[in-house]
């Protein structure tokens, strides 16, 4: 007998062969398919009372369960087949049998708001009396479910039954009133409040009253109803020390906050366990309107700090809420110089999290210290570099007040941090702005040591750096190694970083290069070009350091006393021949100086202004310095005004099947909320899913994934995004459900 086919025929309404087959094989009436479904379950789902009667009379077991614990009565209730339900109840089917989630048929009928089915179930008599207080796996009674979903009429039916208790709590400590308040079902809450025993002061496992939950989700009408009840305490705190006003401010429910502020006894100065006032919460989450309301109240103080020393301004800047920060900066007493427990100003936090607009706002304030050191010796610029926020770094470098070469407690300058994190775009910015190329860290390593020791590939070039191509060519490397450590090392060395500097272990950057051929190529390449013009061959050797870094022309033009690489004092120069005439000096400058504006050789301009270097009145050096100054100024202006176009790899959106999401959902378990946060779903939306599907983590997981899939940017709706979120939540088993490669 093909059980699968017979069950399929029953569901489709084809009964012609069923009775014949059962009569011919009476012992098969309770056979099951691969899902443990019986013929009776299929008949109940289809709703055929005649077939149900035949199967029961043929010996079908009414209380057998499938793999999910569902009985025939569960199937009839789920499909809302009222006659089938009545038939089973009248024949003695167990009305209190629970499925795998602890749901009785009544639980399922109440959840779906099948009022007619509920009435039939409540009519059971004899030894098969329905238990209205039966609990599911989460400790919820049918009344909990009716209250959770706002099924007021169904709740009224349940309240008319003997044994129904409005004070019973689920495993989260919630009464039915808690759940009705949580979802803003005001009519249901009103019904519950009319019952004897209902207590508005009862708290859940987190110490929250129904008023806390109504405030948390901004259900103002429900909160108003609760505030009218005797015993409601507007200043009662939960286990985290938060009042209803804290929770309303946390989620930006301004109308609810306004209602709470109108109550006697409400105090805006109360702090929670973390030392946060309602204003701290509103500021941290960027609820500007709520913050404005709180600032209008007597007693609100913008200077109050949390147990970590953070003011509301710190929190607004940390999360990049520029409008909220602007509002706070308009208040008397707000101070941009206040530091946290770790010595960080609001500017530190804005730079740390990469909020360019917020950082720009703070830099405009009087008293701002752009170079303030935190307890680790880091400036705001250090933090921006450590977190690789290119936009914030560009903003900071455009400020005249920002110092480039401050070392933190590890003696790491921002440039060294950028090299350590292999971010080419930021490195290039520091070079343009004249950062010290020979700063060293605590171990004596300069930027060349750091570039080669890690043996990592550099990234984020942002703006094209043509010299990298030249370095590849000179080192005879393939272009696919253009961003390798050895190429970046040669780039940094060409900008003045010393190849010969020894760290605390007496190791030079050259010593770190294992390939002898590359080492020789590198020395030849770097010594062959003049440090200044980058065009002519370096022929002049400086003593005593013996660095050959300058050509004849530039040596005749520039007067310097220290080696640009090692900073040693120059005693003499070998290989340098002084020009024989004024004309020769003029020609040398004219050939090497390029106008930064028109990009043409400025021969005429130079010729008109150059006097032989030995003359004290006017020198070639003056001309060169003026051009370099102009060029630096233009580069600075250009770098801050130019819109950077970052090349992004085009992402082709793969087609994610619902089956794939379902497979993942089955394996997330309690981690589904963390995955949702990783995918960018708001906590409010996760909370709604949690309470819409409170007793089924599989359903919660699927609804979360479905919410992400249908609401996110199509370009982010990829397996790569989902895979990353699963990895961050350590859902490695769920990862196995995804294809191994993104198409």
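Cβ atoms here come from the backbone N, Cα and C positions, even for glycine.
With a threshold of 8 Å between CB atoms, the same-chain residues lying at least 6 positions outside the repeat 'ANK' (35-67) that come near it are 3, 6-7, 10-11, 13, 15, 18-19, 22-23, 26, 29, 73, 75-76, 78-79, 81, 83-84, 87-88, 91-94, 97, 99. The repeat 'ANK' annotation in TrEMBL covers 35-67 (among others).
Feature annotation from TrEMBL assigns repeat 'ANK' to 68-100 (among others). Here the repeat 'ANK' (68-100) has Cβ contacts under 8 Å with residues 38, 40-49, 52-53, 56, 60, 62, 106, 108-109, 112, 114, 116-117, 120-121, 123-124, 126, 128-131, 134, 136 of the same chain, all six or more residues outside its ends.
Residue counts for the repeat 'ANK' (101-123) under DSSP, helix first, then strand, then coil, are 15 helix, 0 strand, 8 coil. What TrEMBL records for 101-123 (among others) is repeat 'ANK'.
Helix, strand and coil counts under DSSP for the repeat 'ANK' (138-171) come to 16 helix, 0 strand, 18 coil. Residues or ranges marked as repeat 'ANK' in TrEMBL: 138-171 (among others).
Confidence across the repeat 'ANK' (172-205), taken as the mean pLDDT and rounded to a whole number, stands at 97. TrEMBL lists 172-205 (among others) with the feature repeat 'ANK'.
Per TrEMBL, the feature repeat 'ANK' maps to 206-239 (among others).
Same-chain residues lying 6 or more positions outside the repeat 'ANK' (240-273) and placing a CB less than 8 Å from one of its CB atoms are 206-207, 209, 211-212, 214-220, 223-224, 227, 234, 279, 281-282, 285-287, 289-290, 293-294, 297, 299-301, 304, 306, 684. According to TrEMBL, the feature repeat 'ANK' maps to 240-273 (among others).
Residues or ranges marked as repeat 'ANK' in TrEMBL: 274-307 (among others). A Cβ distance under 8 Å defines the sequence-distant neighbours of the repeat 'ANK' (274-307), meaning residues of its chain 6+ beyond its ends; these are 240-241, 243, 245-246, 248-254, 257-258, 261, 267-268, 313, 315-316, 318-321, 323-324, 327-328, 331, 333-335, 338, 340-341.
Feature annotation from TrEMBL assigns repeat 'ANK' to 308-341 (among others).
Per TrEMBL, repeat 'ANK' is recorded for 342-375 (among others). Listed as Cβ neighbours of the repeat 'ANK' (342-375) (distance under 8 Å, sequence separation of 6 or more from its ends, same chain) are residues 308-309, 311, 313-314, 316-322, 325-326, 329, 335-336, 381, 383-384, 386-387, 389, 391-392, 395-396, 399, 401-403, 406, 408.
Outside the repeat 'ANK' (376-409) by six or more residues, the chain places 342-343, 345, 347-348, 350-356, 359-360, 363, 370, 415, 417-418, 421, 423, 425-426, 429-430, 433-436, 439, 441, 460, 462, 636, 639-640, 644 with a CB less than 8 A from a CB of the stretch. Residues or ranges marked as repeat 'ANK' in TrEMBL: 376-409 (among others).
The annotation repeat 'ANK' is assigned in TrEMBL to 410-442 (among others).
Among the features that TrEMBL reports, domain 'RING-type' is placed at 530-567.
Annotation comment: TrEMBL describes 657-742 as domain 'Death'.
Of the candidate ranges 138-171, 172-205, 308-341, 410-442, 138-171 contributes the most Cβ pairs within a distance under 8 Å of the repeat 'ANK' (101-123). Counting residues 6+ beyond its ends, the repeat 'ANK' (410-442) has Cβ neighbours under 8 Å at 377, 379, 381-382, 385-386, 388, 390, 393-394, 397, 404, 450-451, 454, 456-463, 465, 483, 488, 492, 495-498, 501, 503, 565-567, 632, 635-636, 639 in the same chain.
Within the same chain, residues 274-275, 277, 279-280, 282-288, 291-292, 295, 301-302, 347, 349-350, 352-355, 357-358, 361-362, 365, 367-369, 372, 374 sit at least 6 positions outside the repeat 'ANK' (308-341) and bring their C-beta atoms closer than 8 Å to a C-beta of that stretch.
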